[in-house]
Amino acid sequence: MASYGQTCPRPMCIPPSYADLGKAARDIFNKGFGFGLVKLDVKTKSCSGVEFSTSGSSNTDTGKVTGTLETKYKWCEYGLTFTEKWNTDNTLGTEIAIEDQICQGLKLTFDTTFSPNTGKKSGKIKSSYKRECVNLGCDVDFDFAGPAIHGSAVFGYEGWLAGYQMTFDSAKSKLTRNNFAVGYRTGDFQLHTNVNDGTEFGGSIYQKVCEDLDTSVNLAWTSGTNCTRFGIAAKYQLDPTASISAKVNNSSLIGVGYTQTLRPGVKLTLSALVDGKSINAGGHKLGLALELEA
């Protein structure tokens, strides 16, 4: 995402991947909130360059505790990244990625997962290619019934973005996903619209009002229904170490969050979700998250 007060050169810089279209608006709605969870994230790096990331959370409604552990090592000389993953469902994952070695802008990733409890295995080959004005992606999910192919393309010029995303299920010999998106992006404004499978329509607007205030509007509608989903969110930077976030939707769900950097590498987030239609009935949710990084 471009920074405030800057615009992309013409022709524009590398466009985002399809999954990242509209990301600036989504981040205002999602980051700084953690309703119904008590969460701890820890990140550290060894002297040899190995990165360790661990995360644990407890659901305040169900009491269920989940956790993940990830180690990552980058061999920069050869553009290689090795990643090992584990979670409390006892699923093991291995990922090997190589970037900018075969050709500039090309990244290849081989991703596997294995569950010792069930014996289930999965494999995926991911590829992405990004250059000025274009961002392409192709992933292949391997399955015993037949591989599924995911493809995407985003083209950009002078701030305008156009993207297409599809999934072809070889077992069924048909397209199972067919999505389009159009958007416009400048340094402090982003507009994104999308159509998913011809039935789901959505749009979002991101606006950096000033250096300390970011706002976002989100709209979604599904054909065949009278239900339109609408939301407004904002984030205000109180000072370099603290920020407050708020959002509300047409279901009268009101969310607020407060993030404070206690010291370098230590961040605390408090959040609350209030049902505006039944304030006295209860059912509201609180959240607490602590991030440690060294």
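Heads up, the Cβ atoms here are built off N, Cα and C, so glycines get one too.
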Query - Segment assigned the feature transmembrane segment in Swiss-Prot (from 14-21, 134-141) - result: 134-141
Report summary line: Beyond a gap of at least 6 residues from its ends, the CB atoms lying under 8 Å from the transmembrane segment (242-249) belong to 28-29, 31-33, 229-236, 255-261, 271, 276
Query raised in the report: Where Lys277 (ubiquitin cross-link) and Ser251 (phosphoserine) are concerned, what is their Cα separation in Å, rounded?
Result: 8
Report task. Based on Cα distances to Ser251 (phosphoserine), point out the closest of the recorded positions Lys31, Lys64, Lys121. Result -> Lys31
Query raised in the report: Between Lys121 (ubiquitin cross-link) and Lys64 (ubiquitin cross-link), how far is it from one CA atom to the other, in Å?
Result: 25
Report summary line: For the recorded positions listed (Lys23, Lys64, Lys120, Lys121, Lys172), most other Cβ atoms within 10 Å of the Cβ sits at Lys23
Query raised in the report: Roughly how many angstrom lie between the C-alpha atoms of Lys172 (ubiquitin cross-link) and Lys23 (ATP binding site)?
Result: 32
